[in-house]
Every structure is written in structure tokens, then in C-alpha cells.
Amino acid sequence: SGSSPSSNSNYCNVMMFCRKMTQGKCKPVNTFAHEFLADVQAVCSQKKVTCKNGQTNCYQSNSAMSITDCRQTGSSKYPNCAYKTTQAQKHIIVACEGNPYVPV
């Protein structure tokens with residue numbers, strides 16, 4: 001299956017473009033979670049942690065999830081955004097807000 005992130009080093013380049021994260025500038029980092037939406041939303045009721053920016057509305061998943069980490073390569077410049085694709089199984093941290101409380 002050539003479409004899975006693990007076998008496709010171009011995954012991030014395609015997905016970042018499709019999700020409009022390369023319009024106007026290159027978004028430097030993005031993580032895609034390959035889990036059911038309900039499982040990602042459930043993280044908002046799991047372990048509360050402090051966000052990187054100091055906010056207190058972040059939560060860490062109880063279990064490892066399948067993710068793809070996309071990071072802009074050092075040599076890429078807008079409009080030719082290029083990304084390194086890394087697949088991993090790890091606990092994710094999401095910021096949550098609203099009612100119902102959902103990832104943002």
C-alpha cells in the first residue's frame with residue numbers, strides 16, 4: 001500500500017499542501033494522528049499537562065497513537081515548502097477548548 005505514511009516519504013509534502021498549511025508561508029511543523037476522531041477527542045478527558053506555551057488546557061493521551069510528524073526541511077523556502085516525514089507511535093498532547101471540550 002503505497003499510500004500509507006510509513007512507505008511514502010512524500011506524505012507530508014502532499015498533506016501539508018492539501019490541508020492548506022503552505023499558503024502564504026510554510027507551516028514549520030505539523031503532526032497528523034492516524035486514529036479515529038473519537039479516540040483523539042477522548043484525549044481531552046485524559047491526563048492534564050501544561051502546554052508548551054504555558055497554557056493549562058493541554059492533555060496527554062493515555063496510550064501511544066499512530067502519528068506522522070512533518071517538519072520543514074532546513075533548505076526549503078516558501079513557496080517551495082518541503083517536509084521530512086517521520087512516522088511514530090507515541091503519546092500525543094492536544095490543546096482542548098469549547099463545550100463539548102474538543103482538541104483545537
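Placed from the backbone N, Cα and C atoms, the Cβ positions cover glycine too.
What Swiss-Prot lists as disulfide bond is C12-C70, C26-C81, C44-C96, C51-C58, and the listing cites similarity to another entry. Under the heading substrate binding site, Swiss-Prot lists K27, P28, V29, N30, T31, K52, R71.
Features per Swiss-Prot, on structure.
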| residue | record | DSSP class |
| --- | --- | --- |
| C12 | disulfide bond | helix |
| C26 | disulfide bond | coil |
| T31 | substrate binding site | strand |
| C44 | disulfide bond | helix |
| C51 | disulfide bond | coil |
| R71 | substrate binding site | strand |
| C96 | disulfide bond | strand |
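Note on proximity: among C44, C51, C58, C70, C96, the disulfide-bonded residues of the record, the Cα nearest T31 (substrate binding site) is that of C70. Summarising the environment of N30 (substrate binding site), the number of other Cβ atoms within 10 Å of its Cβ, over all protein chains shown, is 16. Comparing the recorded positions C26, V29, C81 by how many other C-beta atoms lie within 10 angstroms of each C-beta, the top residue is C81. A C-beta separation below 8 Å, combined with a sequence spacing of at least six in one chain, links C51 (disulfide bond) to N57, C58, I93, A95. Separation of the C-alpha atoms of C70 (disulfide bond) and N30 (substrate binding site): 5 Å, rounded to the nearest whole number.
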